[in-house]
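Taken straight from Swiss-Prot:
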type	residues	note
TOPO_DOM	1-21	topological domain 'Cytoplasmic'
TOPO_DOM	469-507	topological domain 'Cytoplasmic'
TRANSMEM	22-42	transmembrane segment
TRANSMEM	79-99	transmembrane segment
TRANSMEM	116-136	transmembrane segment
TRANSMEM	139-159	transmembrane segment
TRANSMEM	166-186	transmembrane segment
TRANSMEM	200-220	transmembrane segment
TRANSMEM	281-301	transmembrane segment
TRANSMEM	319-339	transmembrane segment
TRANSMEM	346-366	transmembrane segment
TRANSMEM	382-402	transmembrane segment
TRANSMEM	419-439	transmembrane segment
TRANSMEM	448-468	transmembrane segment
């Protein structure tokens, strides 16, 4: 799973330096992404550990031990899936509260609340003595994810110099992938620590949570948030501090003007339903759906379990997950380099073909060579791992970051916070659906699960081809005239809004 906020697209160039202080702020705030990534990666490894299964899911452990057991069904357990998915359901709910907290209290206090939720959740999960304590811990971690994923990207977007905003915001996505990789490495080493290795693995999230909590005391609130809450003098002083220059009048006035426009919209959620807001709203929500139905989080959540299913031993499965995590990190750098060179549409279309081929190859190998009680021969198992890695590469430079980048740059200012909150909630909902259903789907559909995701990749590729316009280099202020009004389908909604405005003025 992936989160990115773009530059605000404003064509004006304000005088600003990339200061050491801004760099420190970016790194500290982006630790929120590392925690999110760690939580994504840690659950699959922990659910593959025998000590964890014996403690909380003895029936799954007994099923796993029997060689004659159905390979695809040995991990099928609703409570086991709830251990992973409960975090994302909680994050969905929390994101609505976090949106209000960001507006009323600011970005920094919201990050601090996120870190407190993380710490309490880590303590409960790592120290759990029964399934209920374990799930409650995961739910509190989910609250941390909901608050962190709302506040951190907004913070990064508002504190970065305009010319560097896109790249600095992808640091959040980069930290997510690094968090996944660290979790995979931790899983690999703690799996051999009996009987409490799983407690160490779950407790590891407490370290970055502490860094975020105490590090947030060193960073400032964003100028936009301060001005939005009528702290204009403090906002201007903060702007001078983060830009490293004294003359910030032009950018300051731009922020004040943007905040004034935003205040005029009394009900942003109603505004989102207007015809002119429909294109970014529909695209933003569908991109979240499609991002999850690429199947990426099914692979990232359950990589160790998946590799065990195709015949790898426990340690080898965890090591294979480390390899995929490394590929994920490195491929994110490719996305940073390509997104403003090749454009958004090219990456979406290229990766759709790329991921489709990988899913089909994996599905064909499993359907042909893996029966329900056997294992894959070593060559076929290695081919599966290779194509999983190639698949992860394609996602990491396309549907991962772009699933968030495109909505962030197409929502107009007056509905951006609310639109983004809905995008976060939508993403968390479908992440929950996949996390809760994947192991049951794997049991019911067997290798067909990969053909299922292949079908959705075809649908999303066609959607990108016909309905996602290119937004590279287009100012947000010009999005309506330069993108939506020129698009073969979306222009009808712009015309409808224009006609409504004319009728309103006439009346």
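Just so it is clear, glycine is given a Cβ too, placed from its N, Cα and C backbone atoms.
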**Message:** Is the transmembrane segment (139-159) in contact with the transmembrane segment (448-468), using at least 3 Cβ pairs under 8 Å (sequence separation of 6 or more) as the test?
**Reply:** no
**Item:** Best-contacting stretch, by C-beta pairs under 8 Å, relative to the transmembrane segment (22-42) and drawn from 79-99, 166-186, 281-301, 319-339, 346-366
**Value:** 166-186
**Asked** Is it the case that the transmembrane segment (166-186) and the transmembrane segment (319-339) have 3 or more CB pairs under 8 Å, with pairs at least 6 apart in sequence?
**Response** yes
**Maximum Cβ pairs under 8 Å to the transmembrane segment (116-136) - stretch from the list 79-99, 200-220, 319-339, 346-366** = 200-220
**Fill in**
Lying 6 or more residues past either end of the transmembrane segment (346-366) yet within Cβ distance under 8 Å of it, the residues of that chain are 294-295, 310, 335, 338-339, 376, 380, 383-384, 387-388, 390-391, 393-395, 397-399, 402, 446-451, 453-454, 457-458, 460-461, 464-465, 468
**Message:** Looking only at the recorded stretches 281-301, 319-339, 419-439, which one has the largest tally of CB-CB distances under 8 Å to the transmembrane segment (139-159)?
**Reply:** 419-439
**Message:** What residues elsewhere in the chain lie close to the transmembrane segment (419-439), defined as a C-beta under 8 angstroms and at least 6 residues from its ends?
**Reply:** 1, 3, 5, 75-78, 80-82, 84-85, 88-89, 91-92, 95-96, 98-99, 145-146, 149-150, 153-154, 272, 277, 280-281, 284-285, 287-289, 291-293, 295, 297-298, 301-302, 305, 403-404, 407-408, 411, 449
